[in-house]
Amino acid sequence: MRACDLLKRIKQHYRRSRTNPDATMSLIDHLTELRTRLLISLAAIVVTTIFGFIWYSHSIFGLESLGEWLRRPYCSLPQSARADISPDGQCRLLATAPFDQFMLRIKVGMAAGIVLASPVWFYQLWAFITPGLYTKERRFTVAFVVPAAVLFAGGTVLAYLVLSKALGFLLIVGSGVQVTALSGDRYFGFLLNLLVVFGVSFEFPLLIVMLNIAGLLTYQRLKSWRRGLIFAMFVFAAVFTPGSDPFSMTALGAALTVLLELAIQLVRLHDKRRVKHEALIADDEASVIEPPSSIPERSYTATRSHDDVT
């Protein structure tokens, strides 16, 4: 029944959008719209979370199980850097409480669900904002959702590649004196934090481009802020990177600097196109019509000479 009610509300929303092209909405309509889009986002996250919960310990569509895939950076470390607590000599993480494994599986499944459902809830977020924009600005909906999902995925991939280097530095530094026995909760918590920080950070250049498209940020201003923004990227990486190891901090700062420069160049091209477009519009405008001038009075001398000839 709830699914049917949700589909009815969605149909009513799209019916209203066809009959109300100006998108004028009352406060109640705005709240209804927000509730509908939140329900759609939550439904997508629930479905993908269930998928992630199953994928955690099972191979799906020929893919390796999510748990093995996430554990690989830790297991790739030398055996001298991690505690050998498994009787069969296999790489295992430590569980210190009865419900650790179950709760960890839920956390990992939920994190995977949020990432897999990111195209859906990114679209719902932007679609809720677009009624306050002009019609031409709504065309950028798809252009916002697709790059946002790609950038988030790119950030998580970079974080995964950096993870083994970060763990190698953090765990091998004092391996001559002590050995690290990581619990599953601590390890996956560190991993998920790293993935989220990298994924969210990669959205910053997209935010710059969207502010420029909205007319709130220009290339000249970004050009004057370039050095300060690059410095801010590395400060952000140093403060928010989990573990504070030099590998992850440098990787995040360098990646954000490259993406920032790419965003600045896109803003420069967009501003050039905007100036050319405004110049064409100015040329197409009608010229100002001057008021008519008065006709000079007929000369009396010229009239008389004409009469003499006739």
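Note that Cβ sites are derived from N, Cα and C of the backbone, with glycine treated the same way.
According to Swiss-Prot, the protein carries these features:
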- 38-58: transmembrane segment (TRANSMEM)
- 109-129: transmembrane segment (TRANSMEM)
- 142-162: transmembrane segment (TRANSMEM)
- 190-210: transmembrane segment (TRANSMEM)
- 229-249: transmembrane segment (TRANSMEM)
- 250-270: transmembrane segment (TRANSMEM)
- 291-310: region 'Disordered' (REGION)
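By number of Cβ pairs under 8 Å, the transmembrane segment (190-210) is matched best by 142-162 from the list 38-58, 109-129, 142-162, 229-249.
Take the transmembrane segment (38-58) and the stretches 109-129, 142-162, 229-249: counting Cβ pairs under 8 Å, 109-129 has the most.
Under 8 Å from some Cβ of the transmembrane segment (109-129) lie the Cβ atoms of residues 33-34, 37-38, 40-41, 44-56, 66, 141, 144-146, 148-149, 152-153, 156, 192, 195-196, 199, all in the same chain and six or more residues away from its ends. Outside the transmembrane segment (229-249) by six or more residues, the chain places 159, 162-163, 165-166, 169-170, 190, 193-194, 197, 201, 222, 256-257, 260 with a CB less than 8 A from a CB of the stretch.
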